[in-house]
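Note sheet for the following structure.
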């Protein structure tokens, strides 16, 4: 929004700063961070008053989780509000990729909000039917994938970019749309499954968001793509504003979500942030790299899939409990130990993902 003020700039005033992407990215980060610090405590107090008993705790979960009873959920509202406000304030609103990612984030956030609301109201862990959430998510992802394909340059519209190879593209035809749908919905649900311990999901999301922000900046810069041998997608650099706001809002939330958490992210936050990561990957044509950068989320999701399929087939379990972070809890690992080690893994995977820009 503030970018429009550059029209009134003569090149020598403060409005000229708004032309620079890096300046606006930094401003978006601090705007979201300050927003989170200012409104975090009032929101938590409001949620505690409205929710009473807070988020229901699974009866079959680790015994240590019963001490968390009464903790309010829907903390993702803090991330979403700071993210949306900051992005609208600092991003160019004539950029289609900004709107695609922003609308996907809000739409999945609404799905998560409905699920959290149902859980709190019924005081059970069921919430909205998984099938209903999945179908609505597919519809949102289909619209986003189609919009992204429409916004891409003609030579990239239905292409899948391959990492580690210079300008390597695979033409998926119209299979690109269902593929992109799987990426967006899969990312949303994978982050949702990861959000099971205090601080576990938000830091890997911020790490992945930072990585995708760098990738978006590179992919949207012709000189950098020409040097690195990466496909050029004009306009994606503006997504750096979104990812900067995501990290700022995420840090503001982590201030209150750090163990012992004063508030849980809930599906409101996890589905929204996962959907955002998937949408950014689709817009930047880095869907495969997302699987590397978000390898922790992929592992969490696969642990659930493997557990369910193996149990249905044999009546036995591969893991003591799924998702896999609960398996380590059952083995006696302390919660902070699991969280920090998973953060380290996320950072390593992010560095590997970034290396794909150069290793070609």
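Using N, Cα and C of the backbone, Cβ positions are placed for all residues, glycine too.
Among the features that Swiss-Prot reports, transmembrane segment is placed at 27-47, 71-91, 93-113, 134-154, 168-188, 199-219, 239-259, 262-282, 288-308, 337-357.
Same-chain residues lying 6 or more positions outside the transmembrane segment (239-259) and placing a CB less than 8 Å from one of its CB atoms are 21-22, 24-26, 28-37, 40-41, 44, 75-76, 78-80, 82-83, 86-87, 90-92, 97-98, 101-102, 198-199, 202-203, 205-206, 209-210, 212-214, 216-217, 220, 265, 269, 273, 276, 280, 283-284, 335-336, 339. By the count of Cβ pairs under 8 Å, the stretch nearest in packing to the transmembrane segment (71-91) among 134-154, 199-219, 262-282, 288-308, 337-357 is 262-282. Residues 96-97, 100, 103-104, 107-108, 111, 176-178, 180-185, 188-189, 232-235, 271, 275, 278-279, 282-283, 285 of the same chain, all 6+ positions outside the transmembrane segment (134-154), place their C-beta atoms under 8 angstroms from a C-beta of that stretch. Looking at which of 27-47, 93-113, 199-219, 262-282, 337-357 has the most CB pairs under 8 Å to the transmembrane segment (288-308), the answer is the stretch 337-357. Taking pairs at least six residues apart, the transmembrane segment (262-282) and the transmembrane segment (337-357) share fewer than three Cβ pairs below 8 Å and do not count as touching. Sequence-distant contacts of the transmembrane segment (199-219) (same chain, six or more residues past either end, CB-CB distance under 8 Å): 21, 25, 79, 191, 225, 228, 230-233, 236-240, 242-244, 246-247, 250-251, 253-254, 257-259, 261, 265, 269-270, 273-274, 276-277, 280-281, 283-286, 289-290, 293-294, 296-297, 325, 338-339, 342-343, 346-347, 350, 353-354, 357.
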